[in-house]
Amino acid sequence: MSSVLLELNDLRVSYGKVEAVRGIHLRLEEGQIITVIGANGAGKTTLLSAAAGLLPSGGRASYRGQDLLRMTVEDRVEQGFCLVPEQRALFGDMPVIDNLLLGAFVRRRDKAFVRKSLDSVFEQFPRLAERQTQLAQTLSGGERQMLAIGRALMAQPRLLLLDEPSLGLAPTIVRDVLMRVRALRDQGVSILLVEQNARAALDVADYAYVMDTGEFVLEGPASGMAADPRVVATYLGGGVE
Amino acid sequence: MSLDIILILLVDGLSTGAIYLLAGLGFVLVFSVTRVIFIPSGDIAAFAALTLAAFQGRTVPGSIWLVAAMAGLACLAECSTLLRNGATRRIPRALLLYGVLPLIPCGIGLAIARQDVPEVLRILTTMALILPMGVLIDRLMLRPLAASSTLILFIVAIAAHYLIAGIGLIAFGPEGVRTTPILDGIISLSDSVVIPAQQLLMMIVALLLSLVFYLFFGRSMTGKALRATASNRVGARLVGIRPERAATMAYLIASGLAAIVGILIAPVTTMYYDSGFMIGLKASVGAIIGGMASYPITAIGSVFVGVLESWASFLASDYKEIIIFSAVIPVLIWRSFSVHRDGDEEIEEFA
Amino acid sequence: MISARLLSLIVVVVLLALPVVGSPFLVTLMSHVGVSSLVVLGLVLLTGIGGMMSFGQAAFVGIAAYTTGWLTTALGWSPWLGLVFALALTAVSALAIGAITLRLGGHFLPLSTIAWGLSIYYLFGNLEPLGRHSGLLNIPPITLGPVSFMSQIAMYYLIWVVVLLATLFSLNLLDSREGRALRLLRGGAHLMGSVGMDTFGTRLRVFLIAGIFSGLAGWLYAHMTRFISPAPFDVKISIEYLLMAMTGGASQVAGATVGSGLIVLIKNWLQDFLPHLTDNPAQLEQVAFALMLLLILRFAAGGFMPMVLKRVRSTPRTVKANVGGLPTRQLPPRGEPVLEVEAVERRFGGLIAVNKVSFDVRAGEIVGLIGPNGAGKSTMFNLITGTLAVSSGTVRFLGKDASRLSQREIARLGCARTFQHVKLRPGMTLLDNVVSGTYLRTGAGYIKGGLRLDRLEEERARHEALLRLGQVGLADRAHDLAGDLPLGQQRVLEIARALALDPVLLILDEPAAGLRKKEKDALATLLRKLRQDGLTILIVEHDMDFVMNLVDRIVVMVFGQKLREGDPATIRKDPAVQEAYLGGLA
């Protein structure tokens, strides 16, 4: 029996007077990959930022039985709850290696832990090992994405939130990135994946939610969802055969 | 003008530049981490000088009461914030940070004030006493408005300067002080050119501290965390670096640098309770030259300001401030015309 | 509740009656309040409304005071000549400082003005002809024909007449074409550029006005006290002015007088009271003021005026019909090329965001630009509107090469846009937001606006704006604040503002985002109607239902390149497009 890691109940996010995300119910069990898909502007990134604590939100949310909304972003990170944001948020003027070492900031005193994490990240992303002295801002789009994920993995998180890992990447790299996501799950990391590239996301996820204008409009096991005409409709408009 | 005079002015300028360099590094550090132009750092330097002078004069420095009062207020502010957020378990830590730690040097200061103690102990106590000032100013005045625009933060920093400089008068009195030099004696370069050892000390300390600064930011995790916060705030939060703690660290370092500035400068310049403003502003000229971002360019800029000042004092002492401040004009013009066309900034409302 | 007109009348009557009923001391005090009000009025325009900050206002006051002081004492000139030179010198210094700092953002202006303020202060204290620290004595009073402003009461009236005129000028200005540019400054350079306003020019002019107000204050001050020394022109005093602005309410014209009054009174009280407490009253006063400033920033950021305004009733001015319209543009005949994008490329460092994209838009058609997130649509959009510079390739607008033009020049050619992240001034009414779109079709400058000589044009612009609001269905909310609209309606309001430019090409960035079904239908109807009227529209949109049913042609971008171009039905069926959107792993 797996246990519930993350649970959102009626989560709401407002920008000023406008409620951008409302009535979100989501359950993520340990060892699962959950994906939230939907067209651009549906509120996926807002939802993820709020879950990570970067935006204030209302409603209820729990993580490993604790009240998530009372925790700061940093508290969440200390508890193994890490976000890889859409803009990557790398330290551009610092070398790759420092970006990675800072990823393990909350465990910085445990040198053995940091070393092990670094070895493991380099093993998964050999390209980062090659470029470790290069400044982050000089990396290509794909490498930046690897670095962003690698940095989050340095803390050996329990739950990883990935926001549009395929953004701006060529199709072959997208496949590669999502294969790595699946590999992470096999190592015991639970994943909440937000993706616009629906087919790719559904391919790796266990369970999926479809978001449209701030709300979940559809949910179910990922396997059946790719063929669902309603999913196609949220992307390309109604009337698609 | 003889070669001797040129040499004397150069040495004098370099030692003054060393002072601005230290203050300028603190400026850039605090600005890059918190977006605050920390004008009160000059006041902190002046207070360090006045504190050491008081110890040397066998009196209790007013800064003890000032720091103690600020620590008390900061404890109140922090505890009430924590209570409001329901984070009661963090209260002991807050009391330690804002209450106990600043009060320890206050106690030591009281104990040694009227005693014959080694000079080193006086200097160390002064450092320890002044160190928390930046953090306390941050907690009391700046942090409540940390989310505001740089402009609001700027006014707050200016107001904070006038506030603590005014209190400085009450704490220290209006008299100017000079401390006894840490290093006595002179070094002769030639028959007519002698350098006071204190000036040499200023340069050496600045060099050494620059090296420490470089190593701290290049090697230590804390240093890297500070750079990370300056580089990408969201990214820093996402790896678990707390912005408030990074700010505290930045203020601590800036206060430490300011304290060293005050201790170094007091034997060669008479310091008053309000001498800090000018030191801060001149250091900011160096920082502006460095674009408030680059440490090496700030260092070069600060040394340039120091040399310029010693020449200006020699050639046109009435106008030396004007000459120094004019040094920013070419920098501003240059920056003005290299402004990015893609830039767009929205400014928040006041009301 | 009290009407604004009645309240102003009461204030004027009280000011008129004060010398009759008040003590001479009070009259002198109020004269000082008046002088400060002038400086603070400039700060309100500059800081509260324009979002810039200056610690050099006291230095401007000083320049004017010393200019007139020196000319009237050393050379024995008339104070009126002194006024001319005082204002000229303040204006020149303001322009010089503004020219080198106002292009730079944030902290450069305040830091530079501190340096400038201190330099001027030291200069006054060191120049022999200006009497060094002892200053200039025996400055003559102002005379006008037989009237001498020697007595404090006469000076009081002169000062307050100037203050009231400056206040009226400022109020008129804020309600005029250039005043709207000033009120848009805080919306950022992109918003300003989109309606053809010049950010730097506007900043410079308001900095100049604030300088001139300070110059006037300096002139009045010198001939009122008839003695000047460097002390009142120190940076410290600039900060007092800032405190006055913050206390009164930095974004309110009336706040200048209210804030000056409060602070001068408090200062006076402190000066009576503090000497009983301490030997250093000046420094304690400084502590008190610094503390006040901190507390106001922390707990009452709006200052005093908003509290007053809550109790004041003001009725919105109606929009007059039958005033005639603004000049309109000749639209190109249907089918003529309006926008031609040729092999346009944009690189960010090593990243190619837009890679050799070509397409065109012809008069009278609606073209949709679509593509998945990160495809480079926004960058393309910014390249067309001049927000970003192209790395290579050409953008031609109505046959003219527009690749190197600024946003402003592109807007002038007839290209109006909306923003993905809505850029409106939330504190301005819907009507005022839309009127700001007529900037390029009107011409009144600062003088005309400030003296209210722009009324006919202004009425026409307002009428035009109301028509545009009507077109998008928001006419009934014309006098509400834009910030009170829901997000979807704010997007529609942006369209109305864009239409007020009388554009040839309308470029819309995700106009349907956040709209409800009914609102989307209304928007589609509006856009079809505009197309019928001959307008050309380029639309970047994610809502496929909306795009597919509206546009004539679609350009699909993926990875910075053009993937397909064609009519909606073909595009929708295209497997490559489907793969780009839904991914190709299934």
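Including glycine, each Cβ sits where the backbone N, Cα and C put it.
Unlike curated records, TrEMBL annotations are generated automatically.
Given the structure is predicted, the values throughout are model-derived calculations rather than measurements.
The feature transmembrane segment is assigned by TrEMBL to C:32-51 (among others). Within the chain, the transmembrane segment (C:32-51) has long-range Cβ neighbours (under 8 A, six or more residues past its boundaries) at 57-58, 60-61, 156, 159-160, 162-163, 166-167, 170, 173-174, 182-183, 185-186, 202-203, 206-207, 209-214, 216-217, 220-221, 224, 241-242, 244-245, 248-253, 255-257, 259-261, 263-265.
Only residues 6 or more beyond the boundaries of the transmembrane segment (C:83-101), in the same chain, are considered here, and those with a CB under 8 A from a CB of the stretch are 56, 60, 63-65, 67-68, 71, 108-109, 112-113, 116, 203-204, 207-208, 210-212, 214-216, 218-219. Annotation comment: TrEMBL describes C:83-101 (among others) as transmembrane segment.
Counting same-chain residues at least six beyond the ends of the transmembrane segment (C:108-124), those with a Cβ under 8 angstroms from any Cβ of the stretch are 52-56, 58-59, 62-63, 66, 97, 100-102, 130, 230, 233-235, 238. Positions annotated as transmembrane segment by TrEMBL: C:108-124 (among others).
Per TrEMBL, transmembrane segment is recorded for C:154-174 (among others). Packing against the transmembrane segment (C:154-174) from elsewhere in the chain are residues 12, 15, 18-19, 27-28, 30-31, 34-35, 37-38, 41, 44-45, 49, 141-142, 147-148, 182-183, 209, 213, 216, 220, 223-224, 253-254, 256-257, 446, 449-452: each is 6 or more residues past its ends and has a CB under 8 Å from a CB in it.
Residues annotated as transmembrane segment in TrEMBL: C:204-222 (among others). Beyond the ends of the transmembrane segment (C:204-222), by six or more residues, the same chain brings 34-36, 38-39, 41-43, 45-46, 49-50, 52, 54, 57-58, 60-69, 79, 82-83, 86-87, 89-91, 93-95, 97-99, 102, 139, 155, 158-159, 162, 166, 173, 178, 182, 185, 228, 232, 446 to within a C-beta distance below 8 angstroms of the stretch.
The transmembrane segment feature in TrEMBL is assigned to C:242-266 (among others).
Here TrEMBL flags C:287-309 (among others) as transmembrane segment.
Residues or ranges marked as domain 'ABC transporter' in TrEMBL: C:339-584.
In the predicted structure, the domain 'ABC transporter' (C:339-584) carries a mean pLDDT of 90.
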